[in-house]
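Listed in TrEMBL:
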type     : residues : note
TRANSMEM : 29-55    : transmembrane segment
TRANSMEM : 67-89    : transmembrane segment
TRANSMEM : 96-116   : transmembrane segment
TRANSMEM : 142-162  : transmembrane segment
TRANSMEM : 183-206  : transmembrane segment
TRANSMEM : 218-237  : transmembrane segment
TRANSMEM : 333-355  : transmembrane segment
TRANSMEM : 375-395  : transmembrane segment
TRANSMEM : 416-436  : transmembrane segment
TRANSMEM : 468-489  : transmembrane segment
TRANSMEM : 501-522  : transmembrane segment
TRANSMEM : 548-567  : transmembrane segment
């Protein structure tokens, strides 16, 4: 029986990948396992680092919150750099292994600093008005930042390459594997939830009760096991061959060539636009896309001048002056995706508040579950995470096939529809957060506890009141973030697959950076109209106006949703490209 080869994929030794030996759903489970372990290592840090920075490094609350959002922002922004490097030169599987080493180094440094008292400020009670607490500075602060941003770089690489490498295990041209790919992207969120649930319970409890050195040490061990798990699957992977050409540069070439040719008239027949012959294309294994009548001004990049025709007979024309139709179509797709990208930024702005200020709300509330067990405030996201562990398989196995019968769409609903559902849910989540904060402050005021010490004098209000905002936002996550991964991966040009999945992380990065900026802007704009010196000023969350901030975010999210409706209705999905097999293809 002749073995069926997979176009464009090789095994770890560089041989053509065989469909029934390499890749597929079973192999992708190894990647999902590694992703779950990576999230076990890092998930809780995003929600508990604020407490660490305030309690042990003695930063002010707003500064600590901004440190976390800046760390997350850098982490997600770096994913673009790593993705381009992986797509162009080293390949995604090598990028995963290298990034894992950086993440290990970062966590190891943070563990060492947490363990040795001479590498951090002396223990001090921040809530004692007579105490003078020394803030971390100098070499100690440099040590913290080096560890923090080594961790950010490593995490960025894993986020950039693991999802795309997992998607590489499926053939988009095979209908069965296309459906499996959709299940894989749902599985990515499930892996985040499984790893995150362990992180938010076990890791957070260790950090808060046994010490941050032990908690960070467990995270370090988890990332080691993640890399061992990933390496175990190396002989079974379908590996995408690095293109050695930069797809982002190719897109820039289209924009430059279109500007240079702006004075030329477009031909009436699009067939007159420049495209290499398909037999040449087959030998070069380049994707072919048909022309579409959108963003026609970019078509000018493919207009051949007489000098270009003469030059082509002698040598290849300059790609900065003349681009092929497929290259132009890829540039059109990239341009079409940008409005969708920008419409998702505000959702991460909302997420940042749940990871920072909402956790601080929890520290003021009654954290008891039973007489002998308290839930750490940083573990609050476990509520939607546990729910998602059950709802994701239900959605993938029950809802999607049911929706598929009505819509005829393999994924049940379109990627853009899925994103939209999540955006409106995030708006609702912030509205709920505003209502709950009003209730929390009323309880503090009614009980004369506006100046109560968090964690020592809890309000007579259960921390589980905060679960409503986390629950709704968790469902929003399932729709928007998975929808974005599917959308960017399926719509992106062939050479931009890793980079395309990073559009999600980049959107999140900008959301985190915007959160830091917005906190500063809101405080500056309201410092003269509030007794606290700003809606979010100071360390006493009972005296500020977090409820108004949440309400502002809800209104901005609603406006953003209506903008997204306009953008999504105008978007045209890319046509399915086809690659012509080379002469050596079996």
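Yeah, the Cβs are placed from backbone N, Cα and C, and that goes for glycine too.
For the transmembrane segment (183-206), the partner stretch with the highest count of Cβ pairs under 8 angstroms, out of 218-237, 416-436, 468-489, 501-522, is 468-489. Comparison of 29-55, 218-237, 548-567 by number of C-beta pairs under 8 angstroms to the transmembrane segment (333-355) places 548-567 first. When Cβ distances are compared across the two stretches, the transmembrane segment (142-162) makes no contact with the transmembrane segment (375-395), since fewer than 3 pairs at least 6 residues apart fall below 8 angstroms. With a cut-off of 8 Å between Cβ atoms, the residues of this chain six or more beyond the transmembrane segment (375-395) that come close are 44, 47-48, 51, 186-187, 189-190, 193-194, 196-197, 200-201, 204-205, 207-208, 354-355, 358-363, 365, 367-369, 463-464, 466-467, 470-475, 477-478. With a threshold of 8 Å between CB atoms, the same-chain residues lying at least 6 positions outside the transmembrane segment (548-567) that come near it are 339-340, 343, 346-347, 349-350, 353, 357, 419-420, 423-424, 426-428, 430-431, 433-434, 437, 522, 535-536.
The stretches the transmembrane segment (416-436) and the transmembrane segment (218-237) are not in mutual contact, being linked by fewer than three Cβ pairs under 8 Å (pairs 6 or more apart in sequence). Listed as Cβ neighbours of the transmembrane segment (468-489) (distance under 8 Å, sequence separation of 6 or more from its ends, same chain) are residues 163-164, 167, 182, 185-186, 188-189, 337, 340, 344, 347, 350-351, 354, 358, 380-381, 383-385, 387-388, 391-392, 395, 411, 415-419, 421-423, 425-426, 428-430, 432-433, 436, 497, 500-501, 503-504, 507. Counting residues 6+ beyond its ends, the transmembrane segment (67-89) has Cβ neighbours under 8 Å at 46, 49-50, 53, 59, 95, 99, 148-149, 151-153, 155-157, 159-161, 164, 242-248, 352, 355-356, 495-499, 501-502, 505-506, 508-513, 515-516 in the same chain. Within the chain, the transmembrane segment (96-116) has long-range Cβ neighbours (under 8 A, six or more residues past its boundaries) at 34, 38, 41-42, 56, 82, 90, 140, 143-144, 146-158, 160-162, 165, 211-213, 215-217, 219-220, 223-224, 226-227, 230-231.
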